[in-house]
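Asker: Under the heading transmembrane segment, TrEMBL lists B:7-26, B:32-51, B:58-76, B:82-102, B:109-127, B:159-178, B:206-225, B:245-270, B:282-304.
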Amino acid sequence: MKPVFLASALLATVLTGAAIAQAGAPIKLANVAELSGGGATVGTNWKNGIDLAIEEINSKGGVLGRKLEVTHADSQSNPGVARAQVQKALDAEPYVLLGPGYSGSVKVTAPLAAEAGIAQIMGGEAAELTTAGNKFLFRTSFGQQSSMPKVAKYINDELKAKSVAIVWVNNDFGKGGRDSISKEFAKYNIKVAADLSTEAGQADFAADVSKIKAAAPDAVFVYVNEEESARILKELKRQGVTVPLVGETTLVGQKVVELAGDAANGARGHVGLTTDAPVELIKAFRDKFVKKYNYVPDHNGLKGWLAIYMIKATTEKMGKVDSKGFADALHGFTITAAKEPGILMDATFDANGDIDRQGFLVEIVEGKQVVKQVLPKLGN
Amino acid sequence: MTAAKTLKIGLGIVVIAALIIVPMNFNRYGLFILSQWAVMTIAAMGLNLTLGYAGQVSLAQGAFVGIGAYTAAIMTSNGLPLIGALGVAIVLCFAIGWILGYPALRVQHHYLAFVTLAFSTLAFLVFRNEDWLTKGIYGISNIPRPEIFGYPTRRPLPFYYVCLGSLALVSLAVWWLIRSPWGRAFIALRENPVRALSLGIDTRRYTLMAFAIGSALGGVAGTLYAPLTQYVDPVPFHLSLSLDLLMMVIVGGSGFFFGPFLGAMIAVLLPEWLRFTQGYYLMLYAIAVIGLLIYSPTGILGILDRFISERRTKAASAQRAVAKAKLEVTP
Amino acid sequence: MTAVLEVTNIRKSFGGIAAVNGVSFDVQEGEILGLIGPNGCGKSTLFNCILGQLSPSAGEVKVDGKVVTGMRPSELNGLGVSRTFQLLQVFPKLSVRENLILAGQEHQGNMLSRLLGPSDAGLTEAANQMIGFFKLDHLANEPAGGLSYGQQKLLDAAMAFMGGPRLVLLDEPAGGVNLTMLADLKDRLRAINQEKRATFVVIEHNMEFVMSLCTRVMVMAEGKVLAMGRPDEVRANPAVIEAYLGH
Amino acid sequence: MSNLLDLLIAGLATGAIYAIVAVGFTLLWQTSQTINFAQGEFVMLPAFLMLAVMHAGAPFWLAILIGIALSLLLLGLGFKMLLVDPMLRHGVLPLAIATMALAIGIKEAAKQFWSAEASPFPSIIPGGDITIFGRVVALQSIGVLVLAILAVLGLTTLLNRTSIGHQMQAAAQNPTVARIIGVPVERMILLTFLINAFLVALASLLITPIYLAKFSNGEVLGQAAFIAAIVGGFNQVRGAIAGGLLIGVVDNLSAAYVSTQYRAAVPLVLLIAIILFRPQGMLGRPEERTV
């Protein structure tokens, strides 16, 4: 009695799930992201960016006259679930696969997309993702292998620091950054004075900062998420740490300034992709986003947006909706903001799927980001 | 009675045949989900043994799945066979489960929940921090799928059969166990440990056994999980997996043989069923679980069981009345 | 005759109050010793100390000449000592037969054989005999929870005999049992006592039951032994009449 | 040495909040055998209620009042009537599992109806630092510590010095006897639920300016409160307070002197050790196990 009910329900459900047919006109995209669990903030921003971009494109007539349509699936921040959802998305033969955002989930799903021959535009930043020779995987932001050398160079050339304390959040984002920058520091003979792992969501940084003080480094490299950045900046100020604080987008973003107040002053960092970039198009994007969702997006919102405009620009370049040709068309393609304003800043995609574009070195001065240096595209 | 039994056996055969034949036409996603169901069912069966039969709360089952998964990942990526990893995982989880059972001998059930909860978090920290062994937060990728009798199972369908076959073997073993005197001793342990003790049942040994065997099944599930997802990192084995498994057991019906099958099916397929609710599905799941628990703390099969036993009692009392009437008639 | 149970100077106190205060007695093979006394005189505590449910504050318990003080109840049961409790302690979800098999299974084979061997541990026959002996035949497959109170009480007692014990301690076996069944129960106990040479210690409030069943009676009051002797002796003892029987 | 002082103060401030949460936790256990796995989410939620009220245009002080009132209604009365009362007869475990489900429900609701994004939350304590004995200390830490101590003192006074408090204790320790001597046990149990709701709302008010209002805040807090309650003593209010402060300090010290990677492990090891060797907690009464 029981087992039959069980299995028939199971089979029926799977069957209906499998039988989603491919319809005509709209271009189908599939997004698999961290909509719940530990990565919910990342995934929700990414999803909102996607929805915003699609809404805008569709209101202007779509791509090659066809509307874009996206399905969102929740990976629950779990690679196993991500794999299942990506498998499902691929079985429905989407034009392009979007997401996930966690590097671990990307790692487990990338081989599936490659096997299906469908391009995957994702949010992961771990260095190793694009070094494995996958021809279908594309980034929406700098990988750590391209941003960290710039930060290390700055710390060495401009700050002349000989010893640095590293504070990182112990997840794949933080660990990836820490590993990449440690490698760079080794090249410059910069000593790592303290190597402090912190937890995502950590509220109390007293112990970490007191360790930094004890290590007396020439500079501190902070690689944690925005909220934790704000908290540690406050604690650094309180305990009177005065050496330069260097980070990435997550240390010098507008959100951090809002949360940390005065304590953010003097923090500097490399900004590859930020809603605070001194670029008019980006500011316009930010306003649109805030208008629709009532909050300031982080870089993941921007990534989701860019992913859609990458698809638009590439498709228009090909002049047809060709899933198989998509990856080839995007490799080596430079999308200019002049031609496609949605891309916000000129961007070039190399043969590995890495993105190249301008970056900035900024410092927080009296609660405002001030661009200290514009880092040109590598390819120029 | 015998007709009902024949019907049951017949239906069982139909279900098993369906599980073998129908998925042949499934796409990769369907097969993956079914495989995941099989793996989670194995883990939940282990917990059902510990919790449902022996009455010992464990919030560490997810950690044992993790230990099994890492054992499989580490060994098979170093070229060792999966079957070897399975052996190691069983022994390892059995031993750790045995040790973890010791607090159960000293403290009441809610404390036990906290000890196992703490263990679960500690295991996560070890998975994440011991890079040399587990590759830390990056995880272990490209885990190979095994060859069974020289037959590769890299494709989804053959690997589904590996999962299904494992589930069948585990089900048989568990079925045997709960029918054996051990199973009866577990139930005695859950229902009335004092009385059990006075009947010569060594409650300590059986408690530890219940923990150890339940944990070992978690390890078995883990050794299948690793080649199924072909990637293992610490995140899935956080406390939430233990809680999910606990809910699977409770929702399905703890202490019922088929409870885990049903509970795992609901947990694995629920996002599918509630897809139309968009982001609200976890909220609805929570509400549904609470509602179910209020109505029937023994889960879905508990409702069924209640229904059946009510009917049986009615029938029995009717029979008794008839018998009594006869007795009174005969002088 | 040899002493199956020897209890020497058992004491047990809870937070400074002595529930059992230096009790000594022994039980000879084949005896049925009745244990009576007013509520709260320490009878059940004494049982629990003898059987390892509680560890006595002082004193010694020997079974067949072997010191068993501090042994766990399950180990004691392994030595052939079994018991019933004051309150019903059957397993309501298991059938009557399953209850009996459960009660006997730990006396069969070892852990491994109990796992790999037959599901009934080879006890179906023995259980059926016990069921027949206690006249529960028509209920063998019913869940124990569905039985009447008196039937459950019989089952409870029957479970204590499944392991083929040498010594059985029964805590109020007649409590709440109706008259017809009471006679039955007495009958059964006496039969087991004689056929299987099992020794009994029985706590009971039903004087009629005790006096007609037991070979010797021990009276307790305030944690101490007040009197000990044949039923008629005890009945005539002025101290007993004063403390307990004298209403 | 000077470092140690910094760590102690920061640890005590965090620990004071754990203590408030842990106290509520033990109250629920004592009066109605409820192990509330959603206690962390209970702390997370009131801040969102207050934010929602402010969003509707109310000033901060009014939002606080309405927020507390809503907490009493939802997390006190509603929790008791809708979940605990119908579940209690099923025993400790099903109820505990139902609260796990409730935790998921509250977390997801906050995310869906508000945002997955962390939102800033105003502080009732002025920002900035003060210098005490030559150490720079955040006003926030001092304020949290002081308010938490006041709350706990108020609660212990209520329990030990007032007739209502005595009735509550009687209801918790032996409901049957309490009922016989005329204590309105049901009302007293409801009162403990309301007190718990008030305590979590207070904790929410104190901690959210530091943690930011985020749906996932409850995970860390809930676990810390469990550990604090058990380490201190599950059945004693003062035990829970001591446990909370201890866990706050131990967490900081272990991050500084043991390992940042394993900082979360130290309180857990402490928890396991306490359960194994002194299950009644540091200050608790022993609860006998019958086997």
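From the backbone N, Cα and C atoms, a Cβ is placed for every residue, glycine too.
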Asker: Does the transmembrane segment (B:159-178) come near the transmembrane segment (B:109-127), with 3+ Cβ pairs under 8 Å (pairs 6 or more apart)?
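Answerer: Taking Cβ pairs at least 6 residues apart, the transmembrane segment (B:109-127) and the transmembrane segment (B:159-178) are not in contact, as fewer than 3 fall under 8 Å.
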Asker: Would the transmembrane segment (B:245-270) and the transmembrane segment (B:82-102) count as touching if the test is at least 3 Cβ pairs under 8 Å, pairs 6 or more apart?
Answerer: no
Asker: What residues in the same chain, six or more past the boundaries of the transmembrane segment (B:282-304), come closer than 8 Å to it by Cβ-Cβ distance?
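Answerer: Residues 247, 249-256, 258-259, 262-263, 270, 274.
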Asker: Please report, as numbers and ranges, the same-chain residues at least 6 past the borders of the transmembrane segment (B:109-127) whose CB is under 8 Å from any CB of it.
Answerer: 55-60, 62-63, 66-67, 70, 100, 103, 134, 234, 237-239, 242
Asker: With pairs fewer than 6 apart in sequence excluded, do the transmembrane segment (B:32-51) and the transmembrane segment (B:206-225) have three or more C-beta pairs that lie under 8 Å?
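Answerer: Yes, the transmembrane segment (B:206-225) and the transmembrane segment (B:32-51) are in contact.
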